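S.K.: When I checked TrEMBL for this same protein, it listed these features:
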DOMAIN    5-80  domain 'Cytochrome b5 heme-binding'
TRANSMEM  111-137  transmembrane segment
TRANSMEM  174-193  transmembrane segment
TRANSMEM  253-273  transmembrane segment
TRANSMEM  285-305  transmembrane segment
Amino acid sequence: MGFERKYVSQEELRKHDKPGDLWISIQGKVYDVTDWVKTHPGGDTPLLNLAGQDATDAFIAFHPGTAWQHLDQFFTGFYLKDFEISEVSKDYRRLASEFSKSGMFDRKNHLVIYSLCFVTLLFGLSICGVLCSNSFWVHMGAGALLGFSWVQVTYLGHDSGHYNIMTTRGFNKLAQILTGNCLTGISIAWWKWTHNAHHIACNSLDYDPDLQHLPFFAVSSTLFDSITSSFYGRKLTFDPLSRFLVSYQHFTFYPVMCVGRINLFLQTFLLLFSKRKVPNRALNIFGILVFWTWFPLLVSCLPNWTERVLFVLASFTVTSIQHLQFCLNHFSADVYLGPPKGDSWFEKQTRGTIDISCSSWMDWFHGGLQFQLEHHLFPRLPRCHLRSISPLVRELCKKHELPYRSFSFYEANMRTIKTLRDAAMQARGLIWEAVNTHG
(Lines of atoms letter the chains of each structure in order from A and count residues from 1; the text may use other names and numbers.)
(Lines give C-alpha, C1' and ligand atoms only; values in the text may rest on other atoms or scores of the structure.)
Protein backbone atom coordinates (compact mmCIF):
# COMPACT_ATOMS: atom_id res chain seq x y z
CA MET A 1 0.00 0.00 0.00
CA GLY A 2 1.53 3.32 -1.11
CA PHE A 3 2.22 6.14 1.28
CA GLU A 4 -0.26 8.98 0.87
CA ARG A 5 1.02 12.45 1.70
CA LYS A 6 -1.00 14.78 3.88
CA TYR A 7 -1.09 18.45 2.92
CA VAL A 8 -1.88 21.78 4.57
CA SER A 9 -2.60 24.99 2.70
CA GLN A 10 -0.66 28.24 3.00
CA GLU A 11 -3.67 29.70 4.77
CA GLU A 12 -3.73 26.88 7.31
CA LEU A 13 0.01 27.24 7.93
CA ARG A 14 -0.39 30.96 8.63
CA LYS A 15 -2.71 30.15 11.55
CA HIS A 16 0.22 28.58 13.45
CA ASP A 17 2.18 31.79 14.00
CA LYS A 18 2.03 32.39 17.73
CA PRO A 19 3.98 31.32 20.83
CA GLY A 20 2.47 28.04 21.90
CA ASP A 21 1.49 27.15 18.34
CA LEU A 22 4.41 27.73 16.03
CA TRP A 23 4.86 26.01 12.66
CA ILE A 24 7.22 26.76 9.79
CA SER A 25 7.79 25.25 6.38
CA ILE A 26 11.19 24.30 4.97
CA GLN A 27 11.47 22.86 1.46
CA GLY A 28 7.74 22.16 1.43
CA LYS A 29 7.74 20.13 4.65
CA VAL A 30 5.93 21.53 7.69
CA TYR A 31 7.60 21.50 11.10
CA ASP A 32 6.23 22.16 14.58
CA VAL A 33 8.87 24.19 16.44
CA THR A 34 6.64 25.25 19.33
CA ASP A 35 8.85 23.64 21.96
CA TRP A 36 12.14 24.05 20.07
CA VAL A 37 11.77 27.84 20.16
CA LYS A 38 12.63 27.74 23.86
CA THR A 39 16.09 26.27 23.26
CA HIS A 40 16.82 27.41 19.70
CA PRO A 41 20.50 28.52 19.65
CA GLY A 42 19.58 31.57 17.56
CA GLY A 43 16.96 32.69 20.09
CA ASP A 44 13.19 32.79 19.79
CA THR A 45 12.93 35.97 17.69
CA PRO A 46 13.85 34.46 14.28
CA LEU A 47 11.35 31.63 14.68
CA LEU A 48 8.59 33.91 15.95
CA ASN A 49 9.13 36.38 13.09
CA LEU A 50 8.99 33.67 10.43
CA ALA A 51 6.26 31.58 12.03
CA GLY A 52 3.38 30.42 9.86
CA GLN A 53 5.28 30.67 6.56
CA ASP A 54 8.01 29.13 4.45
CA ALA A 55 11.44 29.87 5.91
CA THR A 56 13.69 27.85 3.59
CA ASP A 57 15.94 30.68 2.42
CA ALA A 58 16.46 31.99 5.95
CA PHE A 59 17.20 28.46 7.17
CA ILE A 60 19.81 28.00 4.44
CA ALA A 61 21.37 31.36 5.24
CA PHE A 62 21.83 30.74 8.96
CA HIS A 63 22.44 27.00 9.26
CA PRO A 64 25.23 24.66 8.13
CA GLY A 65 24.41 21.53 6.17
CA THR A 66 24.58 19.44 9.34
CA ALA A 67 21.45 21.20 10.67
CA TRP A 68 19.17 19.47 8.15
CA GLN A 69 19.47 16.13 9.95
CA HIS A 70 17.84 17.61 13.07
CA LEU A 71 14.64 18.69 11.30
CA ASP A 72 12.93 15.29 11.18
CA GLN A 73 12.19 15.34 14.92
CA PHE A 74 9.94 18.38 14.34
CA PHE A 75 8.17 17.08 11.20
CA THR A 76 4.38 17.22 11.56
CA GLY A 77 3.71 14.73 8.79
CA PHE A 78 2.26 17.50 6.65
CA TYR A 79 3.52 18.93 3.39
CA LEU A 80 2.77 22.41 2.10
CA LYS A 81 0.15 22.43 -0.60
CA ASP A 82 0.94 24.33 -3.82
CA PHE A 83 4.54 24.74 -2.70
CA GLU A 84 6.48 26.73 -5.29
CA ILE A 85 10.01 28.13 -5.40
CA SER A 86 10.58 31.51 -7.01
CA GLU A 87 13.27 31.87 -9.65
CA VAL A 88 15.33 34.19 -7.48
CA SER A 89 15.20 31.66 -4.60
CA LYS A 90 16.34 28.90 -6.94
CA ASP A 91 19.34 30.96 -7.98
CA TYR A 92 20.11 31.96 -4.39
CA ARG A 93 20.02 28.35 -3.20
CA ARG A 94 22.20 27.29 -6.10
CA LEU A 95 24.82 29.87 -5.09
CA ALA A 96 24.68 28.78 -1.45
CA SER A 97 25.12 25.16 -2.53
CA GLU A 98 28.11 26.00 -4.73
CA PHE A 99 29.79 27.92 -1.91
CA SER A 100 29.21 25.01 0.46
CA LYS A 101 30.59 22.40 -1.95
CA SER A 102 33.70 24.49 -2.53
CA GLY A 103 34.34 24.64 1.22
CA MET A 104 34.11 28.43 1.43
CA PHE A 105 32.06 28.37 4.64
CA ASP A 106 34.88 26.51 6.41
CA ARG A 107 37.94 28.32 5.03
CA LYS A 108 38.92 31.37 7.06
CA ASN A 109 42.41 31.88 5.53
CA HIS A 110 44.15 32.51 8.88
CA LEU A 111 41.98 35.62 9.33
CA VAL A 112 41.25 34.87 12.99
CA ILE A 113 44.96 34.52 13.87
CA TYR A 114 45.89 37.75 12.11
CA SER A 115 42.99 39.61 13.74
CA LEU A 116 43.83 38.35 17.24
CA CYS A 117 47.46 39.39 16.82
CA PHE A 118 46.43 42.83 15.57
CA VAL A 119 43.97 43.37 18.42
CA THR A 120 46.56 42.23 20.97
CA LEU A 121 49.06 44.71 19.53
CA LEU A 122 46.55 47.59 19.69
CA PHE A 123 45.55 46.81 23.27
CA GLY A 124 49.18 46.46 24.30
CA LEU A 125 50.16 49.80 22.77
CA SER A 126 47.20 51.52 24.41
CA ILE A 127 48.08 50.17 27.87
CA CYS A 128 51.75 51.04 27.42
CA GLY A 129 50.78 54.56 26.34
CA VAL A 130 48.89 55.06 29.60
CA LEU A 131 51.35 53.38 31.97
CA CYS A 132 54.71 54.23 30.40
CA SER A 133 54.34 57.90 29.46
CA ASN A 134 53.49 61.20 31.10
CA SER A 135 52.71 62.97 27.83
CA PHE A 136 49.19 64.29 27.37
CA TRP A 137 49.26 63.58 23.63
CA VAL A 138 50.53 60.05 24.13
CA HIS A 139 47.64 59.47 26.50
CA MET A 140 45.17 60.77 23.92
CA GLY A 141 46.78 58.55 21.30
CA ALA A 142 46.42 55.61 23.68
CA GLY A 143 42.72 56.40 24.01
CA ALA A 144 42.37 56.44 20.23
CA LEU A 145 44.22 53.13 19.96
CA LEU A 146 41.92 51.61 22.57
CA GLY A 147 38.90 52.74 20.57
CA PHE A 148 40.37 51.29 17.39
CA SER A 149 41.09 48.01 19.15
CA TRP A 150 37.41 47.90 20.21
CA VAL A 151 36.45 48.31 16.55
CA GLN A 152 38.66 45.44 15.44
CA VAL A 153 37.74 43.10 18.30
CA THR A 154 34.06 43.77 17.63
CA TYR A 155 34.56 42.47 14.10
CA LEU A 156 35.90 39.26 15.63
CA GLY A 157 32.94 39.10 18.00
CA HIS A 158 30.61 39.63 15.05
CA ASP A 159 32.32 36.80 13.16
CA SER A 160 32.07 34.43 16.13
CA GLY A 161 28.35 35.15 16.42
CA HIS A 162 27.72 34.02 12.84
CA TYR A 163 30.05 31.02 12.60
CA ASN A 164 32.71 29.18 14.58
CA ILE A 165 35.97 31.11 14.45
CA MET A 166 37.54 28.58 16.84
CA THR A 167 38.00 24.81 16.62
CA THR A 168 35.03 23.90 18.83
CA ARG A 169 31.74 25.47 19.90
CA GLY A 170 33.03 25.68 23.47
CA PHE A 171 36.10 27.66 22.45
CA ASN A 172 33.91 29.78 20.17
CA LYS A 173 31.66 30.69 23.11
CA LEU A 174 34.75 31.59 25.11
CA ALA A 175 35.92 33.81 22.23
CA GLN A 176 32.52 35.53 22.19
CA ILE A 177 32.64 36.33 25.89
CA LEU A 178 36.24 37.49 25.65
CA THR A 179 35.86 39.69 22.54
CA GLY A 180 32.46 41.03 23.54
CA ASN A 181 31.86 41.16 27.27
CA CYS A 182 35.41 41.20 28.68
CA LEU A 183 37.15 43.51 26.21
CA THR A 184 34.37 45.84 25.03
CA GLY A 185 31.79 45.76 27.82
CA ILE A 186 29.02 44.82 25.39
CA SER A 187 27.22 41.55 26.04
CA ILE A 188 27.34 38.91 23.31
CA ALA A 189 23.90 37.82 24.54
CA TRP A 190 22.52 41.28 23.82
CA TRP A 191 24.25 41.33 20.43
CA LYS A 192 22.82 37.94 19.40
CA TRP A 193 19.33 38.94 20.52
CA THR A 194 19.24 42.15 18.51
CA HIS A 195 21.46 41.13 15.60
CA ASN A 196 19.55 37.97 14.72
CA ALA A 197 16.34 39.98 14.69
CA HIS A 198 18.01 42.56 12.45
CA HIS A 199 19.11 39.95 9.92
CA ILE A 200 15.71 38.28 9.79
CA ALA A 201 13.68 41.50 9.53
CA CYS A 202 16.20 43.70 7.73
CA ASN A 203 14.92 47.31 7.70
CA SER A 204 11.42 46.58 8.96
CA LEU A 205 10.49 49.65 10.97
CA ASP A 206 8.60 47.68 13.60
CA TYR A 207 10.57 44.39 13.61
CA ASP A 208 14.18 45.49 13.12
CA PRO A 209 15.66 46.95 16.36
CA ASP A 210 18.50 48.57 14.41
CA LEU A 211 16.06 51.17 13.02
CA GLN A 212 14.34 51.89 16.34
CA HIS A 213 16.28 54.83 17.76
CA LEU A 214 13.65 57.23 19.04
CA PRO A 215 13.81 59.81 20.54
CA PHE A 216 17.09 60.63 18.76
CA PHE A 217 16.67 59.36 15.19
CA ALA A 218 13.89 58.46 12.77
CA VAL A 219 14.72 57.32 9.24
CA SER A 220 11.11 57.48 8.09
CA SER A 221 8.07 59.61 8.82
CA THR A 222 6.17 56.37 9.47
CA LEU A 223 7.82 56.38 12.89
CA PHE A 224 5.96 59.63 13.61
CA ASP A 225 2.79 57.54 14.06
CA SER A 226 4.12 56.03 17.30
CA ILE A 227 4.15 52.51 15.91
CA THR A 228 4.51 49.48 18.17
CA SER A 229 7.85 47.70 18.18
CA SER A 230 7.31 43.99 17.74
CA PHE A 231 10.87 43.42 18.93
CA TYR A 232 10.67 45.37 22.20
CA GLY A 233 6.94 44.77 22.72
CA ARG A 234 6.18 48.44 23.39
CA LYS A 235 5.10 51.56 21.57
CA LEU A 236 7.79 53.74 20.05
CA THR A 237 6.25 56.97 21.23
CA PHE A 238 6.85 59.98 19.03
CA ASP A 239 6.31 62.62 21.70
CA PRO A 240 7.25 66.35 21.70
CA LEU A 241 10.80 65.53 22.84
CA SER A 242 11.22 63.05 19.97
CA ARG A 243 9.76 65.56 17.52
CA PHE A 244 12.25 68.20 18.64
CA LEU A 245 15.31 65.92 18.58
CA VAL A 246 14.40 64.35 15.24
CA SER A 247 13.91 67.77 13.67
CA TYR A 248 17.65 68.40 14.19
CA GLN A 249 18.89 64.82 13.70
CA HIS A 250 20.92 65.61 10.58
CA PHE A 251 23.00 67.98 12.75
CA THR A 252 23.22 65.76 15.85
CA PHE A 253 23.92 62.50 13.99
CA TYR A 254 27.72 62.59 14.20
CA PRO A 255 27.94 63.95 17.78
CA VAL A 256 25.53 61.24 18.97
CA MET A 257 27.62 58.60 17.19
CA CYS A 258 30.62 59.76 19.23
CA VAL A 259 28.89 58.83 22.49
CA GLY A 260 26.75 56.03 21.08
CA ARG A 261 28.74 53.47 23.01
CA ILE A 262 27.05 54.64 26.20
CA ASN A 263 23.75 53.37 24.81
CA LEU A 264 25.28 49.95 24.11
CA PHE A 265 26.50 49.74 27.70
CA LEU A 266 23.02 50.67 28.90
CA GLN A 267 21.30 48.14 26.63
CA THR A 268 23.65 45.43 27.91
CA PHE A 269 22.73 46.10 31.54
CA LEU A 270 19.01 46.36 30.76
CA LEU A 271 19.02 42.92 29.14
CA LEU A 272 21.28 41.08 31.57
CA PHE A 273 19.33 42.29 34.60
CA SER A 274 15.88 41.93 33.04
CA LYS A 275 13.35 39.13 33.57
CA ARG A 276 13.85 37.97 29.99
CA LYS A 277 15.45 34.56 29.53
CA VAL A 278 19.11 35.16 28.69
CA PRO A 279 21.37 32.27 27.60
CA ASN A 280 24.49 32.01 29.77
CA ARG A 281 23.38 34.98 31.87
CA ALA A 282 25.92 34.36 34.67
CA LEU A 283 28.80 34.03 32.20
CA ASN A 284 27.74 37.22 30.43
CA ILE A 285 27.52 39.13 33.71
CA PHE A 286 30.95 37.82 34.73
CA GLY A 287 32.41 39.06 31.44
CA ILE A 288 30.87 42.49 31.95
CA LEU A 289 32.32 42.65 35.47
CA VAL A 290 35.75 41.90 34.00
CA PHE A 291 35.39 44.87 31.65
CA TRP A 292 34.17 47.22 34.37
CA THR A 293 37.16 46.20 36.46
CA TRP A 294 40.04 46.68 34.02
CA PHE A 295 38.67 49.69 32.12
CA PRO A 296 38.13 51.99 35.15
CA LEU A 297 41.49 50.84 36.57
CA LEU A 298 43.24 51.78 33.32
CA VAL A 299 41.53 55.18 33.22
CA SER A 300 42.40 55.79 36.88
CA CYS A 301 46.10 55.50 36.02
CA LEU A 302 45.91 58.81 34.16
CA PRO A 303 47.19 61.80 36.18
CA ASN A 304 44.04 63.94 36.41
CA TRP A 305 40.30 64.02 35.66
CA THR A 306 40.71 66.17 32.58
CA GLU A 307 42.88 63.57 30.90
CA ARG A 308 40.62 60.75 32.11
CA VAL A 309 37.52 62.30 30.57
CA LEU A 310 39.33 63.16 27.33
CA PHE A 311 40.84 59.66 27.16
CA VAL A 312 37.37 58.10 27.35
CA LEU A 313 36.00 60.57 24.81
CA ALA A 314 38.90 59.82 22.45
CA SER A 315 38.26 56.08 22.66
CA PHE A 316 34.50 56.53 22.17
CA THR A 317 35.00 58.91 19.25
CA VAL A 318 37.25 56.50 17.36
CA THR A 319 34.83 53.65 18.02
CA SER A 320 32.04 55.76 16.52
CA ILE A 321 33.49 54.98 13.10
CA GLN A 322 32.06 51.51 13.49
CA HIS A 323 28.69 52.75 14.74
CA LEU A 324 28.61 55.07 11.76
CA GLN A 325 29.28 52.24 9.32
CA PHE A 326 26.35 50.23 10.67
CA CYS A 327 24.10 53.22 10.02
CA LEU A 328 25.48 53.83 6.52
CA ASN A 329 24.67 50.23 5.59
CA HIS A 330 20.95 50.65 6.33
CA PHE A 331 19.64 54.12 7.17
CA SER A 332 19.24 55.28 3.56
CA ALA A 333 18.08 51.91 2.20
CA ASP A 334 14.43 50.98 1.64
CA VAL A 335 12.26 50.42 4.71
CA TYR A 336 8.93 48.70 5.20
CA LEU A 337 6.31 48.11 7.88
CA GLY A 338 5.34 44.65 9.07
CA PRO A 339 6.91 41.24 9.64
CA PRO A 340 9.50 39.70 7.31
CA LYS A 341 8.28 37.37 4.57
CA GLY A 342 10.12 34.11 4.13
CA ASP A 343 9.23 33.86 0.45
CA SER A 344 10.91 37.20 -0.33
CA TRP A 345 14.13 36.68 1.62
CA PHE A 346 16.52 37.62 -1.15
CA GLU A 347 14.48 40.64 -2.23
CA LYS A 348 14.22 42.07 1.29
CA GLN A 349 17.98 41.79 1.82
CA THR A 350 18.78 43.60 -1.43
CA ARG A 351 16.40 46.44 -0.70
CA GLY A 352 17.43 46.89 2.93
CA THR A 353 21.21 47.04 2.54
CA ILE A 354 23.89 49.31 1.06
CA ASP A 355 27.48 48.32 0.33
CA ILE A 356 30.45 50.63 0.86
CA SER A 357 32.86 50.53 -2.07
CA CYS A 358 36.56 50.60 -1.20
CA SER A 359 39.90 49.19 -2.27
CA SER A 360 40.80 45.68 -1.19
CA TRP A 361 43.57 46.99 1.08
CA MET A 362 40.85 48.67 3.18
CA ASP A 363 38.91 45.45 3.84
CA TRP A 364 40.55 45.08 7.26
CA PHE A 365 39.30 48.54 8.24
CA HIS A 366 35.65 47.76 7.46
CA GLY A 367 35.76 44.22 8.84
CA GLY A 368 34.01 42.85 5.75
CA LEU A 369 30.84 44.76 6.55
CA GLN A 370 31.35 47.02 3.55
CA PHE A 371 29.90 44.04 1.63
CA GLN A 372 26.68 44.34 3.58
CA LEU A 373 24.38 42.69 1.05
CA GLU A 374 26.75 39.77 0.57
CA HIS A 375 26.99 39.38 4.34
CA HIS A 376 23.20 39.47 4.77
CA LEU A 377 22.67 36.86 2.07
CA PHE A 378 25.42 34.57 3.37
CA PRO A 379 25.96 35.49 7.05
CA ARG A 380 27.96 32.31 7.77
CA LEU A 381 30.49 33.07 5.05
CA PRO A 382 33.87 34.22 6.46
CA ARG A 383 34.48 37.85 5.54
CA CYS A 384 37.65 36.99 3.62
CA HIS A 385 35.40 35.59 0.84
CA LEU A 386 32.89 38.42 0.58
CA ARG A 387 34.83 40.39 -2.02
CA SER A 388 35.20 37.34 -4.27
CA ILE A 389 31.46 36.58 -4.29
CA SER A 390 30.43 40.20 -4.82
CA PRO A 391 30.38 39.95 -8.66
CA LEU A 392 28.15 36.86 -8.45
CA VAL A 393 25.68 38.63 -6.17
CA ARG A 394 25.71 41.73 -8.38
CA GLU A 395 25.00 39.56 -11.44
CA LEU A 396 22.14 37.79 -9.69
CA CYS A 397 20.58 41.12 -8.68
CA LYS A 398 20.84 42.36 -12.25
CA LYS A 399 19.24 39.18 -13.59
CA HIS A 400 16.20 39.58 -11.34
CA GLU A 401 16.06 43.39 -11.59
CA LEU A 402 16.79 43.89 -7.92
CA PRO A 403 18.86 46.76 -6.47
CA TYR A 404 22.55 46.34 -5.82
CA ARG A 405 23.71 49.59 -4.26
CA SER A 406 27.37 50.29 -3.62
CA PHE A 407 28.62 53.77 -2.75
CA SER A 408 31.85 55.30 -1.57
CA PHE A 409 32.17 56.09 2.13
CA TYR A 410 31.57 59.76 1.35
CA GLU A 411 28.52 59.08 -0.85
CA ALA A 412 27.02 56.77 1.76
CA ASN A 413 27.43 59.50 4.38
CA MET A 414 25.70 62.04 2.12
CA ARG A 415 22.81 59.64 1.45
CA THR A 416 22.39 58.97 5.17
CA ILE A 417 22.41 62.66 6.06
CA LYS A 418 19.87 63.34 3.29
CA THR A 419 17.59 60.61 4.66
CA LEU A 420 17.85 62.08 8.15
CA ARG A 421 17.34 65.61 6.85
CA ASP A 422 14.22 64.66 4.87
CA ALA A 423 12.66 63.12 7.98
CA ALA A 424 13.80 66.12 10.06
CA MET A 425 12.04 68.57 7.72
CA GLN A 426 8.84 66.54 8.01
CA ALA A 427 9.15 66.59 11.80
CA ARG A 428 9.64 70.36 11.74
CA GLY A 429 6.49 70.64 9.68
CA LEU A 430 4.63 68.89 12.47
CA ILE A 431 6.10 71.32 14.99
CA TRP A 432 4.90 74.34 13.01
CA GLU A 433 1.54 72.68 12.52
CA ALA A 434 1.23 72.21 16.29
CA VAL A 435 2.26 75.83 16.91
CA ASN A 436 -0.31 77.16 14.43
CA THR A 437 -3.02 74.92 15.80
CA HIS A 438 -2.49 75.67 19.47
CA GLY A 439 -1.17 79.20 19.14
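Our numbering is plain: 1 for the first residue shown, then up by one each step along the chain.
Backbone N, Cα and C define each Cβ position, glycine as well.
Note: TrEMBL annotation is automatic and uncurated.
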S.K.: Checking distant contacts: for the transmembrane segment (111-137), what same-chain residues at least six beyond its ends satisfy Cβ-Cβ under 8 A?
M.R.: 143, 145-146, 148-149, 152-153, 155-156, 159, 165-166, 183, 298, 301-303, 307, 311, 364, 382-384
S.K.: For the domain 'Cytochrome b5 heme-binding' (5-80), report the average pLDDT of the model, please.
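M.R.: Value for the domain 'Cytochrome b5 heme-binding' (5-80), mean pLDDT as a whole number: 91.
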S.K.: Within the domain 'Cytochrome b5 heme-binding' (5-80), how many residues are helix, strand or coil going by DSSP?
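M.R.: Helix, strand and coil residues of the domain 'Cytochrome b5 heme-binding' (5-80) number 30 helix, 22 strand, 24 coil.
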